Amino acid sequence: MIYILFVSLLVMLIISFFINKFDLLSPWLISISVFIISLLFVILNKDNWDISLSPYTVLIIIIAVLSIGIGETFARFVFRDTSPTLIPKAQNRMKIPRLINFFVYMFSVVVLIWYYLRMREIAGIVGYSSGQQLLIQYARLGILQYGISVGPVLAVATFLLRALSYVYTFIFLYNFYMFNKSRIKSEVYYLLPSIMYLVQYSLSGSRGAIIEYFTYVIILIGIFLIKTKKSNIETNKRIAKYAVLGLLVFFIVFIFLGNLKGWKGADVKSLLSIYTGGSILAFDNYLNLPKVPNEYFAEETLVGVNNLLSRIGIYEREFSRVLEFTVIDGKITTNIYTSIRRYIQDFGVFGMIIVQIIIGFFFGALYSKIKKSKRFNYVVIFYSILFMSVIYQSIDEQFLTTFLSTTQIFTVLFTYTFYRMLIRPKLRKEYLQYSNMTSKD
């Protein structure tokens, strides 16, 4: 059944490629691709793990992935998706005043140092004494197992740094693709907030935000390419190249952060296989074992919403997105089950189909809007940030679980604020300048 699923996904990938007119940025095509990658890790370990998939699991995964395609195809029809509207090269480089840059860089350094000291403090509370690798292990233990937080003020500061990272990365890539590539070496300083942010987040031992950042970068690059290049073949070659590089970055980040968390000497291949492919096997376990009913509505998906309701007194408990562990082949344990498990647990199979169609429609609609737009706007940043939920579908749910979560609210609020302050005036000026030039012609 594993190979039946693999062939089915490959056929669906080819169909998607032709339906979407060879568009490698299609959310449906990318969703299929990540399931294929996860399944490849299952196939590579099929004999070692002594596992198989039930026909029911194969059917559900096919239906779930197909539902994304239905949603995206409907969105493309509704919004009359066409070939991308090309945007001419910029007349002026997007430049942020030096004084603002200085304060942004100083703020980034302060947040990084502050976060490091707080991680040392949290690690010390749960028994840390010395050693940088042990520091991250103990800090992560304190955060996940003991529920020790970094504090509200530092948390908001990290959200600000996160937003600055996204906005400054947009500026860097805009200047690279829209203005003059030969000057890009002198503009690497726009990536400093991102470097600080990635180092800061690494101190927690988590990889989610790092994967999200590189997803953001790859999707942004893809959008800049389709909006500036006439040749579909050339654009697809470049997007494919960056996608492969992104996959390599994921593996490097996984191994690097694993070493920081104490994986040195462990079988990295097995750990990577469990993380990437184990979710499909765990989902198979979930479908074929007795299920525990929910106590609350959508408690596995709408974690952010339910926690918001808890804070205003409607619910009397905190909700966690961490799921129970399951055992695969009697020796492998994991608690990630693909995004599909949460939808079925909360809404049933029919509800899962509806959710997948909505997700496909949502991303398809935003993507169609971006393709048709005559200039860049906040939708590009918003779309690129949220796209990790598509990339992560074969591993875990990231779309509804973060909806109205503190992280998402602050990320959207701060990125939009910085966009309005630093980017929008310059994009508007560039657009008006180009419009005046064309009207004179």
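Glycine residues also receive a Cβ, built from the backbone N, Cα and C atoms like all the rest.
Within the set 1-18, 163-180, the record from TrEMBL flags 163-180 under the feature transmembrane segment. Ranking 28-44, 56-79, 209-227, 239-257 by CB pairs under 8 A with the transmembrane segment (163-180) puts 209-227 at the top.
Outside the transmembrane segment (239-257) by six or more residues, the chain places 24-25, 37, 202, 205-207, 210-211, 214-215, 217-218, 221-222, 225, 263, 268, 271-272, 275 with a CB less than 8 A from a CB of the stretch. Between the transmembrane segment (209-227) and the transmembrane segment (187-203), three or more CB pairs separated by 6 or more residues in sequence fall under 8 Å, so the two stretches touch.
Sequence-distant contacts of the transmembrane segment (399-419), counting only residues of its own chain at least 6 positions beyond either end whose CB sits under 8 Å from a CB of the stretch, comprise 155-156, 159-160, 162-164, 166-167, 170, 298, 300-305, 307-308, 321, 339, 342, 355, 359, 378, 381-382, 385-386, 389. Of the Cβ pairs linking the transmembrane segment (347-367) with the transmembrane segment (56-79) and spaced 6 or more residues apart, 3 or more are under 8 Å, so the two regions touch.
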